[in-house]
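Chemist: Dropping a structure here in structure tokens format, bear with me for questions.
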Amino acid sequence: MISTNNSSTPETIIALSTPSGAGALAVVKLSGSRALEIALKLSRRDHLQPRHATLANLWNREDEMMDEAILIYFKAPHSYTAEEVVEIQCHGGTLIARKIIQEALALGARVARAGEFTYRAFLNGRIDLSQAEAIGKLIEAKSDESYKVLLKQLKGELGRYVEGVRGSLVEILAYAEVSIDYAEEDLPSDLEARMVEKIERIAEDLERIYQGSKRRSSLVEGYKLAIIGRPNVGKSSLLNALLLWERAIVSDIPGTTRDTIEESLHLGNHWVRIVDTAGIREAQDAIEKIGIERTLLALKESDMVLALFDSSQSLSPEDEQIKELLRAHQENRRILVLFNKSDLSRELQDSELESYPHRYISAKEGGVEELLSLLASWLDEQGGGEELMLTSERQLLCVKSALGELKEARDRLIEGELELFAYHIQGALKELSLITRPYETSELLDVMFGQFCLGK
């Protein structure tokens with residue numbers, strides 16, 4: 001559990017901020033009221049100039065030199081945590097950094113918990129909660145598109161938007177209070193209509209961002225692409241062709257792939273998780289049955305589907321099952337029908353399959369370059385460009401709840417129930433505030449910041 005000291009001098013924390021292991025450099029970070037004091041004792045210097053790199057030898061309690069390092073002092077509040085911070089850049093490897101941390105602990109620091117540096121930045125008002133979430137996700141970002149979205153959030157664009165909406169709602173709430181307190185006074189006749197229009201405009205904008213964010217929800221974590229088809233249709237060959245290496249076993253024996261195989265690759269500016277699934281047919285044994293069940297789950301969870309059919313053969317009963325699955329799952333996902341084995345004579349003709357976006361390919365002989373280009377262009381359309389985005393389930397839930405409150409507020413205003421109208425406007429304000437500055441105390445924040453890496 002992340003905790004903070006309630007005194008005016010919170011504990012000084014220390015952690016390795018770079019990945020543990022062999023490397024040219026390692027960065028050890030101190031934060032807290034005694035960070036400078038501890039760094040001066042380690043380096044045996046009488047001062048460090050803020051924001052200047054200082055080359056110094058580091059010493060232990062036995063007067064043994066531990067390393068030659070660079071120290072950078074960030075004076076509060078101009079640091080990541082808004083506290084006194086010292087970064088120690090020492091030589092890489094685990095041993096040197098561990099010795100430095102051990103000495104700092106002996107001088108009064110304690111080991112930082114996961115995410116505690118960012119937690120302190122949040123508590124000290126340097127960042128809001130949406131920015132803290134962006135930091136955690138930015139560390140894990142795997143694509144240019146997710147990087148751009150998260151960087152905008154880190155810069156505070158979501159926070160500024162939320163504060164703008166809150167400001168508008170506060171003005172509306174003021175109208176409610178005036179109308180309640182001065183019910184007998186003559187107020188402008190069109191005031192209620194203007195307030196209704198303003199609420200509807202705010203709700204419409206929030207709904208647009210909410211729906212757009214749901215549609216693009218896979219952008220940050222990576223889009224999921226499922227390859228489906230009957231056994232022995234060429235799914236594993238296609239996976240290998242997309243990856244440019246032999247990931248899956250390719251065999252003429254039907255049912256070779258009995259479980260889902262997941263790999264990832266970059267498509268243009270996007271990170272995509274490709275799932276090669278077990279062939280759809282009547283299961284021959286319990287293990288194959290489990291594999292087929294996982295295939296159906298992968299289909300339900302996918303953002304895009306590549307449905308593979310053998311163009312050199314007429315449709316089989318298993319192919320008809322695939323067609324039924326496509327009909328059932330064509331909402332909220334892109335489907336591309338691939339007629340494989342185009343290097344052989346074409347026997348398959350089916351108007352329903354050809355009504356989907358489709359391509360003729362040969363997974364063994366080539367032709368996947370055009371396919372990759374098409375998928376990348378689809379993902380570009382899905383990305384949404386520079387549009388503001390909610391990047392966590394928590395943010396989505398807050399906006400969804402705020403929309404519910406705004407709908408109730410609008411209805412109550414039209415009915416003339418001003419006190420209930422004010423109550424629901426306050427509810428919307430609270431829900432939106434949770435995006436950047438939650439009322440909840442330790443439990444929610446412990447879960448959030450506990451997902452960060454040590455040293456962040």
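Yeah, the Cβs are placed from backbone N, Cα and C, and that goes for glycine too.
What Swiss-Prot records for this protein is below:
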BINDING   K29, E87, R126, K456  (6S)-5-formyl-5,6,7,8-tetrahydrofolate binding site
DOMAIN    222-380  domain 'TrmE-type G'
BINDING   N232, S251, I253, T256  K(+) binding site
BINDING   232-237, 251-257, 276-279  GTP binding site
BINDING   S236, T257  Mg(2+) binding site
Chemist: Enter the number of other CB atoms within 10 angstroms of the CB of K235 (GTP binding site).
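Modeler: Other Cβ atoms found within 10 Å: 29.
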Chemist: For R126 ((6S)-5-formyl-5,6,7,8-tetrahydrofolate binding site), what is the secondary structure by DSSP, using just helix, strand and coil?
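Modeler: DSSP assigns R126 ((6S)-5-formyl-5,6,7,8-tetrahydrofolate binding site) to coil.
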Chemist: Work through the binding-site residues one by one (K29, R126) and point out the residue whose CB has the fewest other CB atoms within 10 angstroms.
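Modeler: So among K29, R126, the binding-site residues given, the one with the fewest Cβ atoms within 10 Å is R126.
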Chemist: I need the CA-to-CA distance for E87 ((6S)-5-formyl-5,6,7,8-tetrahydrofolate binding site) versus K235 (GTP binding site), whole Å please.
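Modeler: With the alpha carbons as reference points, the distance is 51 Å.
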Chemist: Could you say which of the binding-site residues N232, S236 has its Cβ with the most other Cβ atoms inside 10 Å?
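Modeler: The residue with the densest Cβ neighbourhood is S236.
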Chemist: Over the domain 'TrmE-type G' (222-380), what does the predicted model average in pLDDT?
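Modeler: Over the domain 'TrmE-type G' (222-380), the predicted model scores a mean pLDDT of 78.
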Chemist: CB neighbours of E87 ((6S)-5-formyl-5,6,7,8-tetrahydrofolate binding site) within 10 A?
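Modeler: Other Cβ atoms found within 10 Å: 21.
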Chemist: Write down the Cα-Cα distance for R126 ((6S)-5-formyl-5,6,7,8-tetrahydrofolate binding site) and K235 (GTP binding site), rounded and given in Å.
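Modeler: Rounded to the nearest whole number, the Cα-Cα distance is 50 Å.
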Chemist: Look up K29 ((6S)-5-formyl-5,6,7,8-tetrahydrofolate binding site) in the DSSP assignment and report helix, strand or coil.
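Modeler: Assignment for K29 ((6S)-5-formyl-5,6,7,8-tetrahydrofolate binding site) reads strand.
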Chemist: Roughly how many angstrom lie between the C-alpha atoms of N232 (K(+) binding site) and R126 ((6S)-5-formyl-5,6,7,8-tetrahydrofolate binding site)?
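Modeler: Their Cα atoms are separated by 57 Å.
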